[in-house]
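K.L.:
Pasting a structure here, questions to come.
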Amino acid sequence: MDLEFLQSMDVQILVGLGVAVLAILVAAAYLFSSRKPKGCLDPENFREFKLVKRQQLSHNVAKFTFELPTPTSVLGLPIGQHISCRGKDSQGEEVIKPYTPTTLDSDVGHFELVIKMYPQGRMSHHFRELRVGDYLAVKGPKGRFRYQPGQVRAFGMIAGGSGITPMFQVARAILQNPKDMTNVHLIYANVTYEDILLKEELDSLVANYPGRFKVYYVLNQPPEVWNGGVGFVSKEMIQTHCPAPAPDIKILRCGPPPMNKAMAGHLDALGYSPEMQFQF
């Protein structure tokens, strides 16, 4: 073999190696950038998160913002699932209660809980005493709900009081995903106008996603001027404001136990099969 031939072979081998190394580097960079960040939750052990902001929304409702380890960290909570929070009641006894954050994993560096604090609530006492700089022990994710974009044509949602938090989380995840065309119809019941949680955020979703997200508010004690529902959620309200029974819809419900029981009865009577219903 002459020298020129050998030199050209060497060049070809080097070029080939260079292309191969470049391809590996590009593939590695793609995998790294497309890989979902690891969540901060542990399903077996409680982890502590620092409270960095507390915003009082009404006399008994506050929004708590907790810091994650880094500004790009995510909580790692699947859509529609919840976390267990550990605290101490007024007697100093340990108490554990489930809560659903109102934030998604697209909200990096922090997570938020909107908490209604009841006078006799054991975990409510813990949140009442929580101050900026304190830590909250959290474990998760928890829950039976599994969601894939497009798994149903439409969701009907029936929420009462603080049962709005999983509904808000699911609705927001659906609507903010440009590939998800699922429609959402929400009936949200409370005692008074002041009791409505996340009203500004819900109304903002209605305005930003017209036709895809609808809310019907129901109040037990409405103000004098009120164009929503009055009393308890009825079969007629469900018929009017939720998608009709069909294999490609699902009705979600979350509220106080008596309300959940009443809604299950209404849904059964209206022809919604068990497969079309889910209770948080």
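From the backbone N, Cα and C atoms, a Cβ is placed for every residue, glycine too.
What TrEMBL records for this protein is below:
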BINDING   Pro98, Tyr99, Val114, Lys116, Met123, Ser124, Thr165  FAD binding site
DOMAIN    44-148  domain 'FAD-binding FR-type'
TRANSMEM  12-32  transmembrane segment
K.L.:
Check each residue in the chain of Val114 (FAD binding site) that is at least six apart in sequence and keep those whose C-beta is under 8 Å from its C-beta; list them in sequence order.
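P.N.:
Same-chain residues close to Val114 (FAD binding site) (Cβ under 8 Å, separated by 6 or more) are Leu57, Val61, Ala62, Lys63, Phe64, Thr102, Ser162, Thr165, Leu197, Leu198.
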K.L.:
Provide the number of Cβ atoms within 10 Å of the Cβ of Thr165 (FAD binding site), excluding the reference atom itself.
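P.N.:
There are 23 such Cβ atoms around Thr165 (FAD binding site).
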K.L.:
Count up the helix, strand and coil residues in the domain 'FAD-binding FR-type' (44-148) according to DSSP, in that order.
P.N.:
8 helix, 48 strand, 49 coil
K.L.:
Looking at the domain 'FAD-binding FR-type' (44-148) alone, can you tell me the average pLDDT?
P.N.:
96
K.L.:
Are there any residues at least 6 positions away along the chain from Ser124 (FAD binding site) with a Cβ closer than 8 Å to its Cβ? List them or say none.
P.N.:
Ile115, Lys116, Met117, Tyr118
K.L.:
Quick one: largest C-alpha distance among Pro98, Tyr99, Val114, Lys116, Met123, Ser124, Thr165, binding FAD per the record, in angstrom?
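P.N.:
Value for the max Cα separation, rounded to a whole number: 17 Å.
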K.L.:
Setting Pro98, Tyr99, Val114, Lys116, Met123, Ser124, Thr165 aside, what same-chain residues sit with their Cβ within 8 Å of the center of the Cβ atoms that define the FAD site, listed in sequence order?
P.N.:
Cys85, Lys97, Thr100, Leu113, Ile115, Phe127, Ser162
K.L.:
If one looks at the chain holding Tyr99 (FAD binding site), which residues at least 6 apart in sequence have a CB under 8 angstroms from its CB?
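P.N.:
Same-chain residues close to Tyr99 (FAD binding site) (Cβ under 8 Å, separated by 6 or more) are His82, Ile83, Cys85, Leu113, Ile115, Thr165.
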